[in-house]
Amino acid sequence: MISLTQAPPLLHGRVHYLPTKRRTPFIVRSSSSVQEIDKSSRPPTTAEDSELRSELYASVPFPPIKAAKRVVLVRHGQSTWNEEGRIQGSSDFSVLTKKGEAQAETSRQMLFDDSFDVCFSSPLIRSKRTAEIIWGNRKDEIITDSDLREIDLYSFQGLLKHEGKAKFGPAYRQWQVDAANFNIDGHYPVRELWARARNCWDAILAHESKSVLVVAHNAVNQALVATAIGLGTEYFRGLLQSNCGVSVLDFTPRAEGGSPHICLNRLNQTPNSPVAAGSSAGRKASKRIILVCQGSTQDAEASFSNLGDLPMNMLGVIQAQKTAELLLDQKVSAIVCSPKNACAETASIISRVQEAADCLGADCVPRYVEMKKLQDLDVAEIIQRSLKDTNDGSSQRPGWLNGLNDGVTSTLWEQSGQAWSSLLTELSDGAEEEKIIVAVSHPAAHIALMGHCLNLTKEWLGTFHLDAGSISVIDFPDGPTGRGVIRCINYTAHLGRWSIPITRSTVDDDSF
């Protein structure tokens, strides 16, 4: 095993039309604020300098690359300290449990057919063992990099969570609710982590490889995803990373050189169901929005498929049925869909299965699931305005929304913002303590909805990718008026043999 550096000690019903309502996000990030920094400069000496530095590390341009590169991030399997509820940080005393070993084996099978060129791993035992299981009998050695270790939590490390709360009081509370500004032992751990993650990308992108496996930890994988797509430390705990969850980033070189296009192709595809009960950002969420991309339509061979008002093809019907099965144990309160045929068909299939789910016994009463059509979720005509004269692209390519003209993206962004407000209103209405809303639309609409959830701007539209039949899950541990936590993006494992392989290249011409 190769080591770059030494390790330091130390997430049918009856149809109604849903009205729209606009809400204004309270924080907005713009991807246009890219700044250069001097990496050789001295460490920050004040809290203000440290906070600024974390933002710069989140937006600094990446080095140019010669060929397309796909990076697959995997979090380690369950460890003994995960099981105990003990704060691990960058300590190296925990090992994989039997469940953790099994999770790693499932990930190995999920990634078995890929020809990775190289594997980078954290040097910590729990991550290194996960990497060894996934890497299997490949001949190339695993490269360990101490910058991939978990977040340094100093005096918190080794404590059970209730011990941390009792011993540190306000500091522990800040760690829970304002981690970006959390300070312990004179350090700002999350800010340090963002700077370290940005350094990791330089090493990963500099390696002459096209397919890279990176096995690390919860917090550092969050930081890797966030720094890649230009998000600052305030997004810590906003992009969930479960044990052995897989995230995929595509880096595509620009013809003119410079920082590559970067697209988050998948987030937190786990060995377990993405809709199973669990915590988000360390807390139980009683409100949830599940974004379901419509099934494939009869124009699926077109460069930009699924945009017309066409019925689903057989593959689309299968995708919708598989999604309905995945959501079988979820008590969905309402299904909101675009009025387009494929979306309404997908929603209807999910609704019928939901209504039958509670009626499998002899004396049961069918449950009514309301289905509503929302005009603001129909984005097909908006996109077609920009694509009617375009034949040189595909909605299967990462970052394809970057090809839309500015007027179209502005209209798409504004309309999707109204749709997002309507979904939050729907989630807030009623007295149910637990509520799940399913939204069905075109992938472009859901990409924009996630952007609004994260309080981004329209410039981020090309940063995310969704496939037909995929699902993405957003939890609200603080309710619909609080911050949304992205539990997964572009999950397709439920589609079985019809799923999009995690490691399949989506770029045909990878040289420029």
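Cβ coordinates come from backbone N, Cα and C, glycine included.
TrEMBL annotations:
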type     : residues                                           : note
REGION   : 31-50                                              : region 'Disordered'
BINDING  : R75, H76, G77, Q78, S79, T80, W81, N82, R126, K161 : substrate binding site
ACT_SITE : H76                                                : active site, tele-phosphohistidine intermediate
ACT_SITE : E150                                               : active site, proton donor/acceptor
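This view paints the features noted in TrEMBL onto the structure.
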{"residue": "R75", "record": "substrate binding site", "contacts (Cβ under 8 Å, 6+ apart)": "V215, A216, H217, N218, N221, Q241, S242, N243, C244, G245"}
{"residue": "H76", "record": "active site, tele-phosphohistidine intermediate", "contacts (Cβ under 8 Å, 6+ apart)": "L96, G100, A104, S122, L124, R126, S127, R129, T130, V215, A216, H217, N243, C244"}
{"residue": "G77", "record": "substrate binding site", "contacts (Cβ under 8 Å, 6+ apart)": "L96, T97, K99, G100, E101, A102, Q103, A104, S107, R126, R129, T130, I133, N243, C244"}
{"residue": "S79", "record": "substrate binding site", "contacts (Cβ under 8 Å, 6+ apart)": "Q88, S94, V95, L96, T97, G100, R126"}
{"residue": "W81", "record": "substrate binding site", "contacts (Cβ under 8 Å, 6+ apart)": "I87, Q88, F93, S94"}
{"residue": "E150", "record": "active site, proton donor/acceptor", "contacts (Cβ under 8 Å, 6+ apart)": "Q88, G89, S90, S122, L124, S127, A216, H217, N218, A219, V220"}
Looking only at R75, H76, G77, Q78, S79, T80, W81, N82, R126, K161, which the record lists for substrate, tell me the maximum pairwise CA distance in angstrom.
21
